[in-house]
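The structure appears right after this line, and notes come after that.
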């Protein structure tokens, strides 16, 4: 369980003022829950994720993961990065095994685990390729396998499919869901795509910018397993209602909506 | 992945060399310049000097100076560069010296080394280090600084301590760019070697150069120069080879 209480993070801006990256964020995420965090750029959603990861500090409030306060990165949390963050000199297999290597697992054992996960993400036969020889979608599969290899209880995903083209993104969304159905774990998934947030999440946490705060939490009561293709989810009434509602909220807070209220 | 190496790949460099040789020979024969002997004469002199047993022992002595100097420069340069690139206080403390010494003409330190170490090998090695160290330090420092922040965060998320971060992430990521500095350093080390041998301890190839220069024997000077250039090219060739071995993962198009 992740408990975020009154989380506030400020930093000085260039004109001597203060920017609230996060303001009094309260959020509790249950075990094995899939929470998507949606918001326009600058709403602090990535800052929130980095705080949970232990990569950045904050000024007030706190975060507990399974009752333990977060102070630094920990073995129960793994992260998938927007730009993949793979080691360009290491093969797909070594990249997947990297977290285990850092933990000092012997080569044979970590490679066995890595091979299994390479299979899980559908990259059989690509073990010895370098990231530069893989497509963006395949690179992110490696990123996902690397995260799952360390057997985290919490998976933090920072717009993981944001750098991919539409078709690749849909395929990876479905595969992520399939994997998550099989090995349940808590997922915090940052996105700026409304459809992605609704398709994947048990709840959509909508954040608004300046100061970054939670505007609304929307439960998604669409039955699982979900998939765009099989159930025509995109055309169901629940899906349309939710995405329309979220879009109504988002457009009012969008920074490009200059003068629209005049 | 690797381009096919047929006999044709050797054609451009060989024809370049041939054209240069013809140009040298032609200019020297038509201009009749006293200090520009024709290439054929220089090559003949080189063969004579080699046969007299003058070149090889001097060459060996020079190469030892070069190798020792480069070994010190590489060790110190990569260490200092990594410290400066990764730790702000190290940069603040050392940066000014490194940039000052990079721009200072390295030979002005020759008398200092002479008075400290005497006219022996140590002084020449010190000059080689002086020539090659700072470009390696500064390129390594900026290579380390330029390691993508996301790779560092990734390392931290997966539990890397500072030591693991340094050896598993920072250094491999910085190596391709650091290698560019090392290549420059190797070229400068050869220049340092020959200058040290000419101005401090008159030994090695520098000794032959100094004596020949003193008696206006430009044929010998150029003959020795050919040897020095060959040493430099071989040293740089070895660096390229090492670069390819270490950084083979880089796509061919992003090579410098």
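Every residue, even glycine, has its Cβ placed from backbone N, Cα and C.
Summarising the annotation, TrEMBL assigns domain 'ABC transmembrane type-1' to B:59-237.
Feature annotation from TrEMBL assigns transmembrane segment to B:57-84 (among others). Counting same-chain residues at least six beyond the ends of the transmembrane segment (B:57-84), those with a Cβ under 8 angstroms from any Cβ of the stretch are 90-91, 94-95, 98, 121, 124-129, 131-134, 136-141, 143-144, 166, 170-171, 174, 178, 181-182, 185-186, 189-190, 192-194, 196-197, 203-208, 227, 231, 235.
Packing against the transmembrane segment (B:96-117) from elsewhere in the chain are residues 80, 84, 123, 126-127, 130-131, 133-135, 137-138, 141, 188, 192, 195-196, 199-200: each is 6 or more residues past its ends and has a CB under 8 Å from a CB in it. Taken from TrEMBL, the feature transmembrane segment applies to B:96-117 (among others).
Among the features that TrEMBL reports, transmembrane segment is placed at B:123-144 (among others). Sequence-remote contacts of a segment are chain residues at least 6 beyond its ends whose Cβ falls under 8 Å from one of its Cβ atoms, and for the transmembrane segment (B:123-144) they are 65-66, 68-70, 72-74, 76-78, 80-82, 84-86, 91, 95, 98-99, 101-102, 106-107, 109-110, 113-114, 116-117, 170-171, 174-178, 180-182, 184-186, 188-189, 191-193, 195-197, 200-201, 203-204.
What TrEMBL lists as transmembrane segment is B:165-184 (among others). Packing against the transmembrane segment (B:165-184) from elsewhere in the chain are residues 74, 77-78, 81-82, 85-86, 135-136, 138-140, 142-144, 146-148, 151-152, 154-156, 236, 239-240, 242-243, 246-247, 250, 256: each is 6 or more residues past its ends and has a CB under 8 Å from a CB in it.
Summarising the annotation, TrEMBL assigns transmembrane segment to B:190-209 (among others).
Under 8 Å from some Cβ of the transmembrane segment (B:221-242) lie the Cβ atoms of residues 37, 42-43, 45-46, 49, 55, 59, 62-63, 66, 70, 179, 182-183, 186-187, 189-190, 194, 205, 208-209, 212-213, all in the same chain and six or more residues away from its ends. The transmembrane segment annotation in TrEMBL covers B:221-242 (among others).
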